[in-house]
There are 2 protein chains.
Amino acid sequence: MEFLKRKIEQDGLVLSKDVLKVDSIINHQIDPILMSEIGKEFANRFKETKVTKIVTIESSGIAPGLMTALKLGVPVIFARKRKSLTLVDDLLTSTVHSFTKNETNEISVSNKFLSSDDRVLIIDDFLANGQAALGLVDIVKQAGAEVVGIGILIEKCFQQGGSLLRKEGLRVESLARIQSLEEGTITYLEESEAILS
Amino acid sequence: MEFLKRKIEQDGLVLSKDVLKVDSIINHQIDPILMSEIGKEFANRFKETKVTKIVTIESSGIAPGLMTALKLGVPVIFARKRKSLTLVDDLLTSTVHSFTKNETNEISVSNKFLSSDDRVLIIDDFLANGQAALGLVDIVKQAGAEVVGIGILIEKCFQQGGSLLRKEGLRVESLARIQSLEEGTITYLEESEAILS
């Protein structure tokens with residue numbers, strides 16, 4: 001998606017070969033026009049999949065999740081993240097380890113919002129090691145619902161998340177696929193390579 | 001705002017004389033059409049105030065903040081909430097006590113996103129004791145920026161937050177002003193009373 005790539009080049013900061021900071025447009029300050037375009041793009045890519053619910057995770061997934069939900073005309077649910085969670089009957093939970101922050105969180109969704117009839121589109125801002133996405137897939141499956149796809153804003157293709165999810169047979173659509181952040185430069189995966197990967 | 005009141009009556013749950021649960025439309029599952037209408041309403045109410053930035057707080061403030069930002073054509077910043085925060089130079093921080101959850105959090109905004117030229121509209125989902133809103137006002141003032149108003153989805157008028165903020169001379173616009181949740185029933189403040197309060 002050229003619009004997102006342009007915004008990343010303009011406003012993103014490469015902090016190291018692993019870390020791209022986009023806190024001025026996506027995950028602290030949010031550009032609402034960008035989010036609206038992102039919602040339109042996901043809605044278009046998944047328009048044939050009969051989505052009934054969007055599932056995302058607080059806090060950075062809420063903006064793109066909401067804009068996609070608005071375009072598709074379905075509700076969005078955001079999973080809550082907690083250090084540890086006392087077991088509550090009416091929650092679907094999963095455990096997610098963040099390598100970036102080196103912490104493990106319980107994530108949860110109230111079971112009243114997902115049923116076995118649901119066709120779920122998962123939305124998140126970053127895909128790196130894939131732990132958050134796998135946790136959300138786990139929660140959707142616990143509800144007996146189907147994951148019709150995963151929509152990601154920025155995929156770090158040099159980390160394993162994308163391959164992990166695709167090996168599970170999941171359809172992953174990433175709007176910006178980054179091959180490398182070496183030497184302070186953002187290199188995108190060429191479309192031709194993306195098809196083969 | 002009649003649309004929000006109707007949704008609250010339809011989908012809200014009065015759990016006690018203090019607690020109204022709206023997790024099926026606002027703060028866990030989100031109704032994107034409702035949020036879009038809310039954004040339109042806030043944009044209309046504050047259209048003369050020359051807003052340059054929206055400031056809200058994770059996670060439940062993000063959806064209404066984003067939709068208002070989209071309608072006003074300005075960025076939205078969400079303050080992050082943490083149990084305790086190691087002091088970092090480039091953060092504006094404040095302390096917020098939640099009476100509902102009985103916990104104290106540091107909230108923070110990166111100082112690069114607010115400047116003394118900014119005219120800030122604060123958006124949040126609930127106004128009860130006013131602690132979160134006061135924390136956000138504090139952060140905006142630390143940046144030397146001006147608070148042009150506070151937009152709230154649901155104000156519990158039987159708690160002190162609204163009067164606290166209005167006594168400070170702040171303009172507070174609440175879309176649904178609840179007078180009482182006694183006996184499991186939602187009673188709204190009449191418009192005539194609202195003007196006097």
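Any Cβ shown, glycine's included, is placed from N, Cα and C.
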Xanthine site partner of B:L20, B:N27 according to TrEMBL, chosen from B:K141, B:K156, is B:K156
Once DSSP output is merged into helix, strand and coil, B:A132 (5-phospho-alpha-D-ribose 1-diphosphate binding site) belongs to helix
Rounded Cα distance in angstrom between B:G130 (5-phospho-alpha-D-ribose 1-diphosphate binding site) and B:N27 (xanthine binding site) is 18
What remains of the binding-site residues B:L20, B:N27, B:K156 once a 10 Å Cα-Cα cut-off to B:N129 (5-phospho-alpha-D-ribose 1-diphosphate binding site) is applied is B:K156
Model confidence over the domain 'Phosphoribosyltransferase' (B:37-156), as mean pLDDT, sits at 94
